[in-house]
């Protein structure tokens, strides 16, 4: 009888209660020493390794743990240091400065990791001298060995690493070839240290362009074969289907495939005989991106099918578990929903149950998980009927007519200024919210505090001279979780944190049932803020596409249906704000681009559904009500027409870290709606100069009609300190005032 093995691609860094985040931010704030930071993170890494060992994984990843981002780790490993940061010792402080910027230099670009909500730091190739310079991977592998952990090193592969990079005069192929001797050196050091195999992540090979990379991919892995290391390499792909026949022809020891998010194609390729049985198959059968418990019986059937076409089978999650929370152990959830959930730790338990069943004929754990899954499935979460047809999906008049009415009503100046929505969540804000949630203070005391904070920041905005104000979102812990707490059909966890970028953690709500608006969500705070000023105050909402993409979605209904349910709920809130006298309403869609499928054959339908959902949420307002939206930076070229089709009166886009790249996306489209391209980077504590903001404005006006252009920061200001915000916004307003005089 063929036995199976179990493995993992990566584990969450945050810790069960965000110990990782707290330690790093304490170090940045100079509250702990570097030695204390190192000890805390070493202890957390040890805890992660031993936890995975407890679930009897045959091999446990190292190299997934990082102080910020694994792509940035790889950049430092190979001395791919941005030119402005060169000449310094390559250490953790340099790593943090590249990621966050400092008073002298801007940070490197931050971009979504494929179609997830994780962000990586983009490697920069301008005037670099690649070499192996900081082999932290080897250190961490040796540390795992010291714990008697059977570990395998993890590194992003050369094809993916270079493709996710920017800058430099070399071609894509030349950059890959430059790195091959360096990868070889790293591989040899790991093999010499005892690595049985090395996990080489090449998710770029599941994208549309993967065929265009096949020649250089073959050349790269042929190089590793000639160097005598290829058989120790396992190429891992995830998030979509791969071209299996090509991958099987590469001279490596094993291949990892995603059998969850591949729409069934990878299994079809296996059954068609496209897999080279001399290799080990690493089968991603447990969903690494969602929190629902596996249909364990269906996974058994899948394993049986795979065993018929393989000689060596390793089962694993479909991707790194970085994208899900650590554990359910600390949650106190309603059993009706809780039984259907599985976080990172529970997913390891599912792997262990299958290993025991196949290798030891031990079905105790398997039977328990099977019964639990069946109990959850026997419940009904489809209880509501929806009348989608009765809601408008287009505005009453074209933009050219609407903008005249809006300008007459708002009376805004040339180059109007605004912010994206949130202001700093100080320790005091967080304490009051926690005290209120834990019933340590009364509703009245909390409401009084919120009103005082709103009033204080309305005055700050007026004193600075902004044109369209916001209430600051002090009542919100997160732009999606807040709505998850208030809309029917969502479940909010206590410790369900996942990493978004760097130390930024989010707690995605879980959509388990039909979504419904039952009462106003934001009206009281927005109306109060508007009562304090004659300037317009924006209502601030999160859009349906983003709420869905930044939640753990239910899987018993099509995405479009769930998305439209959310859209109807947001539409109710939009109309409630309008009825309360709010003249400008922002419905943010920062996650619209990141949800774009990796394969272009699915793009058109995704974008069509996204545009319709946004219009369901926003089109019922009167012409004189101005609808804004906001998006985070990514490669917008693929969706620029869909952005236009949203028909938002104003869109603001995070652009400063793109170093002007986004402007190119507007060269091929006559964008005739209002737009604000972020003029400074809010992810960095660095205060922009007046000259930098003026340059950003001038660059934008080369492509965008001045009468349509707004000036704003990149994103919400929640994570910045109060003085940083006031100083940066003052510079922004002064730059705009000077520009108006030209």
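Counting starts with 1 at the first residue shown.
Backbone N, Cα and C atoms are what each Cβ position is placed from, and that goes for glycine too.
Bear in mind that the values here come from a model prediction, so they are computed numbers and not experimental data.
The 5-methyltetrahydropteroyltri-L-glutamate site in Swiss-Prot is built from 18, 19, 20, 21, 550, 594 plus one of 112, 451, 690, namely 112. With 420, 421, 422, 588 listed by Swiss-Prot as binding L-homocysteine, the candidate from 473, 475, 481 annotated for that site turns out to be 473. Sparsest Cβ environment among the recorded positions 19, 112, 683 (other Cβ atoms counted within 10 Å): 19.
Only 715, of the binding-site residues 18, 594, 632, 715, have a C-alpha within 10 angstroms of the C-alpha of residue 421 (L-homocysteine binding site). If you take the CA of residue 630 (Zn(2+) binding site) and look 10 A around it, the binding-site residues you hit from 20, 21, 112, 420, 588, 594 are 420, 588.
Taking the C-alpha atom of residue 21 (5-methyltetrahydropteroyltri-L-glutamate binding site) as reference, the shortest distance to any of the recorded positions 420, 632, 683, 715 belongs to 683.
Within 10 Å of the C-beta of residue 654 (Zn(2+) binding site) there are 25 other C-beta atoms, taking all protein chains into account. Spatially, by CA atoms, the recorded positions 422, 473, 632, 654, 683 include one closest to residue 20 (5-methyltetrahydropteroyltri-L-glutamate binding site), and that is 683.
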